[in-house]
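Novice: Structure below; questions to follow.
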Amino acid sequence: MAIPKVGINGFGRIGRIVLRNAILTGKIQVVAVNDPFIDLDYMAYMFKYDSTHGRFEGSVETKGGKLVIDGHSIDVHNERDPANIKWSASGAEYVIESTGVFTTKETASAHLKGGAKRVIISAPSKDAPMFVVGVNLEKFNPSEKVISNASCTTNCLAPLAKVINDTFGIEEGLMTTVHATTATQKTVDGPSKKDWRGGRGASANIIPSSTGAAKAVGKVIPALNGKLTGMAFRVPTPDVSVVDLTVKLAKPTNYEDIKAAIKAASEGPMKGVLGYTEDSVVSTDFCGDNHSSIFDASAGIQLSPQFVKLVSWYDNEWGYSHRVVDLVAYTASKD
């Protein structure tokens, strides 16, 4: 099968790290990038240098109005309206929508006007079908033109929840994600009309926040619909987050059996998506980890045979972007 040719709309944290993952894996070929707020020279600089993931090891240059990475030319567009981006002129059949702005079927489908065959939204969507690699890809229908890769937190939680529900059954559960700082937060206190706490300085505070990640699991695993909800704490770290899933199980069990089930999944059907560790790890140990979710066996606790707290780490930038690449490649293989 030919390598899928892809365009990226939005060259922010996810857009740039998706491009790094595309180059490193070779699963997709990025042929065009659109961002109305970043000119070509600045685009090259932002891709080459990264405070979290380090300097890009290959060559990065600009030539003839194009971004050239490791000798591969990428067309650059600066359109504000997605409908005006001529993806077909660059040969891009699939578009990764990573602005964080066009997250509905209607708005994201504007890319189809420029010649895209399918749009993959790198964020949760209110109405586009959501897919989590390792969890519900078998539900994908090639007729779907706009799909979502869900959120980084849903990608961490869903594989873990699937293993636990399939093996022991989940009656109900609460999730907390202790989440690294993201670009929407403020460096110092500033206005944030809809979320007053979210306007407080990111580096000075632990900030309680809402998240739809747990409820979204019910969309990708229908058996868990209405059984999970959750919240977030935004913390002053640059990257890597951790999910705390506390559940009431349908079947009584012990923690050793829970560990064994997750370990088996991590070495079998969810290999590469769900990781497993018994080491005494901390957040920075997972920076640049390709997994969606890495279960921390020594961090979880059990109160009773049916009540347990499970802990799983994720690089909310790198691991998620790796899955975006996987999802694009998978959907292209079905066309």
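Every residue, even glycine, has its Cβ placed from backbone N, Cα and C.
The active site, nucleophile annotation in Swiss-Prot covers CYS152 and rests on sequence analysis. According to Swiss-Prot, the feature NAD(+) binding site maps to ARG13, ILE14, ASP35, ARG80, ASN316, an assignment based on similarity to another entry. Swiss-Prot lists SER151, CYS152, THR153, THR182, THR211, GLY212, ARG234 with the feature D-glyceraldehyde 3-phosphate binding site, giving similarity to another entry as the kind of evidence. Feature annotation from Swiss-Prot assigns phosphoserine to SER125, SER151, SER192, SER203, SER209, SER241. Positions annotated as phosphothreonine by Swiss-Prot, on the basis of experimental evidence: THR153, THR154, THR182, THR184, THR211, THR237. Annotation source Swiss-Prot lists site 'Activates thiol group during catalysis' at HIS179, citing similarity to another entry.
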Novice: With the D-glyceraldehyde 3-phosphate site defined by SER151, CYS152, THR153, THR182, THR211, GLY212, ARG234, which remaining residues of that chain have Cβ atoms positioned within 8 Å of the Cβ centroid?
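Specialist: The answer, listed by sequence position, is THR177, HIS179, ALA213, ALA232, SER241, ASN316.
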Novice: Using Cβ atoms only, which residues of the same chain lie under 8 Å from ILE14 (NAD(+) binding site) while being at least 6 residues apart in sequence?
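Specialist: Set apart from ILE14 (NAD(+) binding site) by at least 6 residues yet with Cβ under 8 Å, we have SER98, SER122, GLU317, TYR320, SER321, VAL324.
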Novice: Where SER241 (phosphoserine) and ASN316 (NAD(+) binding site) are concerned, what is their Cα separation in Å, rounded?
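Specialist: Between the alpha carbons of SER241 (phosphoserine) and ASN316 (NAD(+) binding site) there are 6 Å.
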Novice: Going by Cα-Cα distance, which of the recorded positions (CYS152, SER209, GLY212, ARG234) sits nearest to SER125 (phosphoserine)?
Specialist: GLY212
Novice: Please report the DSSP secondary structure of ILE14 (NAD(+) binding site), reduced to three states.
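Specialist: ILE14 (NAD(+) binding site) sits in a helix per DSSP.
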Novice: What's the CA to CA span in angstrom from THR184 (phosphothreonine) over to SER151 (D-glyceraldehyde 3-phosphate binding site)?
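Specialist: About 15 Å separates the two Cα atoms.
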Novice: How big is the gap, in Å, between the Cα of ARG234 (D-glyceraldehyde 3-phosphate binding site) and that of HIS179 (site 'Activates thiol group during catalysis'), rounded to a whole number?
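Specialist: The Cα atom of ARG234 (D-glyceraldehyde 3-phosphate binding site) is 5 Å away from the Cα atom of HIS179 (site 'Activates thiol group during catalysis').
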Novice: For the NAD(+) site as recorded (ARG13, ILE14, ASP35, ARG80, ASN316), determine the largest distance between any two Cα atoms, in Å, rounded to the nearest integer.
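Specialist: If we measure all Cα pairs in ARG13, ILE14, ASP35, ARG80, ASN316, the largest is 27 Å.
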Novice: I need the CA-to-CA distance for GLY212 (D-glyceraldehyde 3-phosphate binding site) versus ASP35 (NAD(+) binding site), whole Å please.
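Specialist: Between the alpha carbons of GLY212 (D-glyceraldehyde 3-phosphate binding site) and ASP35 (NAD(+) binding site) there are 27 Å.
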Novice: Out of ASP35, SER192, SER209, the recorded positions in the record, which is closest to HIS179 (site 'Activates thiol group during catalysis') when you go by Cα distance?
Specialist: SER209
Novice: Name, in the order they occur in the sequence, the residues of the same chain whose CB lies under 8 A from the CB of SER209 (phosphoserine) and which sit 6 or more residues away.
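Specialist: Within the chain, SER209 (phosphoserine) has Cβ neighbours under 8 Å at HIS179, ASP195, ARG197, GLY198, MET231, ALA232, PHE233, ARG234.
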Novice: Here's one to test understanding: among the recorded positions ARG13, ARG80, SER192, whose C-alpha is closest in space to the C-alpha of THR237 (phosphothreonine)?
Specialist: ARG13
Novice: Restricting the comparison to the recorded positions CYS152, THR153, THR182, THR211, which residue's C-alpha is spatially nearest the C-alpha of ASP35 (NAD(+) binding site)?
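Specialist: Sorting the recorded positions by distance from ASP35 (NAD(+) binding site), the top entry is THR182.
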Novice: From the Cα of ARG13 (NAD(+) binding site) across to the Cα of THR154 (phosphothreonine), what is the distance in angstrom?
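Specialist: Per the Cα atoms, THR154 (phosphothreonine) and ARG13 (NAD(+) binding site) stand 18 Å apart.
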